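For reference, the structure discussed in these notes is given below.
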């Protein structure tokens, strides 16, 4: 590095008395200078240049890079991010100003002012830098957290006063001891398992303080220049070493706070007891669930995912197929691929293209893996049957077409237990329940919702419907009887709602300040949410996916690059944050595999199909287990494909609980060979308006039933003959 020629430098004996604080630095002192001359000293060599550069260069880097590195959209308490940013800058800013202008012509009074500024910078990082640590450690104790924050601020104010008025370096450093002890008390809480925060952040914070203490000791003891006076006048003296250690300690502070911000700031509105005990640390077998994307060759590439601005999943998946809504000219289309057809997808691949407008939602039938429903901007609902091997030619004619909406249809949901019952909701604010086998709109709910319907779903046995509307109200009702309603989220953005354990309702929405929220409600008392969390300020709608077998709910935000997952329990605060899967690319949609389609031999508890701009990427959620045996605690009996009630019986008022199956019988190496019995649907062969062809379909079904009975009879006779021959 080339330096300019500066003024004649002084030795230690001829330097001003207030600058003679290190007798082992013998030369290189700047003469008394004006402000302009002090600034010019940035470009010629002297013994303070290393001190200026070791904090000045990191200051510029932090100023530019730190705001980009803080995930503002993923943290719920934004002011802590701002405080952390200021804390990281303050010591370096004070240090640069102090070392640059310490030889100002104002003499000792100006020097003392600059020294005070330098001490204030150190106090600021001790104060502001610790606030996120205190906050996250006492996250579950709001009152105690507030008291602790106030105490720490008061203690820091006293430390600043002591640092400013101290007459020696030892006393000045000692003034920060109480702050350090206060911080260590919170580190101790984390270590014994009482405090909150990320498991990895404690290691970062301890390293941070260790480096800061080491830097202070080196600075006080004047190592290494005390052993070779004059050798380290310009570079590598004790003060410069301390500067480098301070910068590294700030990096560790940043890494620790970043872990805390990402892992713990999901603030609950439910009051939590202030009593501290080890019971605060929840034991959960899903605590260490981790997400992992599959290898590139197991993705579905070169797919033109739909560009429609509609808040649906855009993807549906079952143990046989994955379906995705794609861009299409001259109408709407979606593709259906066998799960095994991974890799690059040919542009000429046949599509399902019977709609005249863009497709908005698709959903596979839970009782027949070959049946899929689609809703479109052309105001129709169509039912399609996919061949076992996938499509060979474009599919243009649906098995049945359901016409009943006057505006686009954007929500579809099959009944979980009733055979051939489908719910559709459109932008005409109407919900229709269809008997698909007959092609009839049996129930039409057109006077309940005054505005756009954001979501609609069934409860576990299909006896109730839950809808979320633009009027900010949830409605829970038996469509065969009446309805209930109440307000959910205050914001005007879209709301999503699903039934979870014990009939409770989990909603995702927005606050008045457009902060994304997650809430849990008891439908018996809509007066106040059981718990309400503020997540972040992103604009994407959160799509909730609930697993009733594990009690885990996954939140996938459209436009996000992460999947958050929580455990829903019957203990306050009811919704417990587990972890988050993060990736680089944002998601345009998400498919969720039914439980019977998972690979249980790999302890897989969920599988998502993430839609990118040009591909579909499976993401596997796994519970780490050492044993290769079937994990019964992870896989209780789950909902199977068999319906428990027929459509006519359900509409007549009969309910049926889901028929459960054991996944132990499906414990195989891959999902390709899973064998689960399914019931062939009573599907009409044309649109709902063709009643003659419906009767033909019923006749065909009767023949199929007779053939099935004959087949069973032949099997019994064959078995009997074999037994007689063996005798």
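Placed from the backbone N, Cα and C atoms, the Cβ positions cover glycine too.
Lifted from TrEMBL, the feature list:
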BINDING   99, 239, 243  Zn(2+) binding site
COILED    693-727  coiled coil
DOMAIN    279-343  domain 'DUF1899'
REPEAT    352-394  repeat 'WD'
REPEAT    402-444  repeat 'WD'
TRANSMEM  52-72  transmembrane segment
TRANSMEM  78-101  transmembrane segment
TRANSMEM  113-135  transmembrane segment
TRANSMEM  147-164  transmembrane segment
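Overlay of TrEMBL annotations on the structure.
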{"residue": "99", "record": "Zn(2+) binding site", "Cβ contacts under 8 Å, 6 or more apart": "48, 51, 52, 55"}
{"residue": "239", "record": "Zn(2+) binding site", "Cβ contacts under 8 Å, 6 or more apart": "22, 51, 219"}
{"residue": "243", "record": "Zn(2+) binding site", "Cβ contacts under 8 Å, 6 or more apart": "50, 51, 54, 55, 95, 215"}
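Within its own chain, the repeat 'WD' (402-444) has Cβ neighbours under 8 Å at 310, 312, 357, 360-367, 373-383, 450-453, 455-458, 460-462, 465, 467, 469, 479-480, 639, 643-651, 655-659, 679, 681-684, 687-690, 694, 697, counting only residues six or more beyond its boundaries.
Beyond its flanks by at least six residues, the transmembrane segment (113-135) meets 77, 80, 83-84, 86-88, 90-95, 97-98, 101-102, 104, 145, 148-149, 152-153, 156, 159-160, 163-164, 172, 176, 179-180, 182-183, 186, 197, 205, 250, 253, 256-257, 260-261 of its own chain at Cβ-Cβ distances under 8 Å. Secondary structure counts, DSSP: the repeat 'WD' (352-394) has 0 helix, 22 strand, 21 coil. When Cβ-Cβ distances below 8 Å are used as the criterion, the repeat 'WD' (352-394) is approached by residues 306, 308, 310, 312-321, 323, 325, 328, 331-338, 341, 400-414, 416, 419-420, 422, 424, 426, 434, 436, 594, 639, 641-643, 678-681, 683 of the same chain, each at least six residues removed from its ends.
DSSP places the residues of the domain 'DUF1899' (279-343) in helix, strand and coil in these numbers: 5 helix, 24 strand, 36 coil. When pLDDT values are averaged over the coiled coil (693-727), the model yields 64. Using DSSP to sort the residues of the repeat 'WD' (402-444) gives these counts of helix, strand and coil: 0 helix, 26 strand, 17 coil. Secondary structure at residue 239 (Zn(2+) binding site), as computed by DSSP, is helix.
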